[in-house]
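The feature ATP binding site is assigned by TrEMBL to P90, L91, A92, R93, G94, L95, G96, S97, S98, A99, S100. Per TrEMBL, domain 'GHMP kinase N-terminal' is recorded for 62-143. As annotated by TrEMBL, domain 'GHMP kinase C-terminal' applies to 205-282.
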Amino acid sequence: MKEGLYLKIPASTANLGVGFDSIGMALNKFLYLTVTISEENKWLFHHIGPNVDGLPADESHYIFQIAQKVARKHNIVLPNLKIEMRSEIPLARGLGSSASALVGALYIANYFGDIELSKYELLQLATEFEGHPDNVAPTIYGGLVLGYYNSETKVTDISYIDTPKVDIIITVPPYKLKTSDSRQALPDTFSHTQAVQNSAISNTMISALIQHNYKLAGKMMEQDGFHEPYRQHLIPEFKKIKHIAKDYAAYATVISGAGPSVLTMIAPERSGELVRKLKTEFEQCRSELVTINESGVSAKVLYESL
Ligand code: HSE
């Protein structure tokens, strides 16, 4: 008999500089959820480890809220569930922790509500909740995903490109930065000239990535005009990390998502030296090598032992 569901949900890095709200890449750091039927008459959350410390244990939990919204949308009633949550993804650091929780909630509602949503439909729902696909699309599918959410038709279209053959270093500062605060720093409007310029930078970046021309892709990533110029003051370490990374011939250093984590793309031959240098220079941050996740969320049904 089916007893529960085990979910392993990857982190993600959004934007890659010029791909604001539309480009993202899944990373091999995970949110782990073990979901079973609750023996009590309510949902229960049990958090293990530092990255999920302090999250609510009751029905005010984000996962509960989202799962119930999905259930209502499909006119079903979910059973009371017990959710054990562990995470390698630090909260509010620009590494897609809330997208991972959102995707987890959708998978939970889909499975325990027996709804049979396809991956395509899960993506549509996830984007509708999140407002843009840059974190949720790679979290669901893995790899490097580009997407557009049309808020009028509520349709999300996505496209993939080959995973870049580069090494990735993330530097995670000790402080949190809420996405809402980081979005507050952005301008409300852009002139036509600015829009054309940034679209050209973005197009060239994508074409260069497709051709595995990382030097050119990196040059374009670092010319983003959509968000970095307005956000970098929120991350005091950013400029220095970028400067040091250049000494190691890194392709690009950009803000990961809404920040404050910083992502560096670099050739595999130089990544070890650079990550060790960053660890020494920024002792208060956590600099580490992270690999790109190619498979997205994985779900395993748990069976009662006989
Ligand atoms: N594209 C988003 C941003 C990612 O930069 O604000 C976080 O949701």
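Cβ coordinates come from backbone N, Cα and C, glycine included.
Note that the structure is predicted; figures quoted are calculated from it, not measured.
Taking the domain 'GHMP kinase C-terminal' (205-282) as a whole, pLDDT averages 97 in the prediction. What surrounds the ATP site, by Cβ distance within 8 Å of the Cβ centroid and not counting P90, L91, A92, R93, G94, L95, G96, S97, S98, A99, S100, is the set A11, I89, G257 from the same chain. For G96 (ATP binding site), the same-chain residues lying six or more positions away in sequence with a CB closer than 8 A to its CB are P10, A11, S12, T13, A14, G24, L27, I89, N135, T139, G257. Neighbour count (other Cβ atoms within 10 Å of the Cβ, all protein chains): 18 for A92 (ATP binding site).
Of all Cβ atoms in the protein chains displayed, 30 besides its own lie within 10 Å of the Cβ of G94 (ATP binding site). Cβ neighbour count for P90 (ATP binding site) (all protein chains, 10 Å cutoff from its Cβ): 21. A helical conformation is recorded for S98 (ATP binding site) in the three-state DSSP classification. Under DSSP, residues within the domain 'GHMP kinase N-terminal' (62-143) fall into helix, strand and coil as 46 helix, 7 strand, 29 coil. Within the group of binding-site residues (S98, S100), the Cβ with the highest number of other Cβ atoms inside 10 Å belongs to S100. In terms of DSSP secondary structure, the domain 'GHMP kinase C-terminal' (205-282) contains 45 helix, 9 strand, 24 coil.
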